[in-house]
Amino acid sequence: MTSANKSDKDRVVIFDTTLRDGEQCPGATMTFEEKLEVAEMLDDMGIDIIEAGFPIASVGDFEAVAEIAKNAKNAVIAGLARAIPGDIARAGEAVRHARRGRIHTFVSTSPIHLAHQMRKSEAEVLEIITATVTQARNLVEDVEWSAMDATRTPIDYLCKCVETAIAAGATTVNLPDTVGYAVPDEYRRMFRTIRERVPNADKAIFSVHCHDDLGLAVANSLAGVEGGARQVESTINGIGERAGNAALEEVVMAIKTRGDVMPYWCNVESTMLTRASKLVSAATSFPVQYNKAIVGRNAFAHESGIHQDGMLKNAQTYEIMTPESVGVKQTSLVMGKHSGRHAFQHKLEELGYKLAENQLQDAFVRFKALADRKKDIYDEDIVALVDEEMAASHDRIKLTSLTVIAGTHGPQRATMKLTVDGQTRIEEAEGNGPVDAVFNCIKRLVPHEAKLDLYQVHAVTHGTDAQAEVSVRLSQDGRAMTSKAADPDTLVASAKAYLGALNKIVMKHQRDVPSAAAAS
């Protein structure tokens, strides 16, 4: 669709909740700095609304929302709040410095939620809607109200709730498929019915928020738009509660690719989607599945002989969008040990990185060290290297050196040197295999109660000298933290990944201690 043909009534507002709903995915917790970096990326790529967090949840969440609100250049910054006065006041405080702030408040509306979670009558919930939306509207001009479990709410009562919320001042009404229960046709009909029956429906923008429990989140989101919704709530890589949310990159590219049947448009710069996907994957340490639509490693790969033949003759035979349209570069072999600093910086810019001078120098030193150990350097190697460098820049615990003795007989032994808060510590330990020895060594150096929930290894690229990328998930006190690290030496990568997750647990504990003290 050309700009001349664009109509405001067909514009779809993109609401990203990666930093709130996405982070609720077990193990996907991000550090304060990672949240700021992701928010900056989302703002730069044209996301209309960034739901930056749940301010009442912890001091760390409040600080992240407040800092993102101060720094945002273009996006509306939203803070989530339950239908509780204290929540709403806290959200209002968090977004008050934003150029454009929003309070997003929600309440359950379905019979099963009212009976077993809320323990309120329908009439009581209507009173809560009026009171809380009014309170939020007195704090900010932009208020979003959500009917939790809308798709399992009787339509007559849902209409009453929507009318009440709009009358109280809601500017956006979100009707989420909270448990991923709906199918596209019924979700489309729900929006059409409500927009037809609610007398003040024209006073608010309607929004979709779909979960992927039945694998229908994106399809339902698009169906909701066809039913009259003009805001889509989604997350990068589709991360989120349970099976996740509608994947933002899939929603955006469906709108951009199928303008012939969906006359809608959005402001998102699609060439930044792949970089955003990699950034969120690195921040959460959640790998993107290889066959993931739009941003997966195999999204533009063709192995079948018939497909390859067609691609060579005309790329459109098997590609409905160009790799470049989502930020995928066609060349993969890029750098070597003779590459200079300027070429390295140029490559980083191509990959979407903007590093400070000290970060650039540190990354270049690590790149040269990697190039001395590995013959061919690929884009994926550089991404892994820089993401690890940025993630480790605030770590309290850092790996200095590691030596492992392993063989077919006898116990395996690891000797490790760590820097902990600037102090050097050295220890050795045995284990049932080299990885176990490495992890036992860390436990001796930094005593902790964290439990190892996940340990995975895969090659970043191909070849026997490929970097190993290791994912580790640790849990402690009900919190799960995941980290990834890459190195040509699998044991070094394993140690770095374990330490990365441990650093996240330490940092999360530090930020949440004031919250616990304040609550007591």
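Every residue gets a Cβ built from N, Cα and C, even glycine.
When Asn71, Asn74, Asn245 are compared with the Mn(2+) site residues Asp21, His209, His211 in Swiss-Prot, the one appearing in that site is Asn245.
Between the candidate binding-site residues, His209, His211, the densest Cβ environment within 10 Å is the one around His209. In terms of DSSP helix, strand and coil, the region 'Regulatory domain' (398-520) has 42 helix, 53 strand, 28 coil. Each of the binding-site residues Asp21, Asn245 was ranked by the number of other C-beta atoms within 10 Å, and first place falls to Asn245. Take the mean position of the Cβ atoms of Asp21, His209, His211, Asn245, the recorded Mn(2+) site; other residues of that chain with a Cβ within 8 Å of it are Thr17, Pro176, Thr178, Cys210, Ala217, Glu233, Ser234, Thr235, Gly240, Glu241, Gly244, Ala246.
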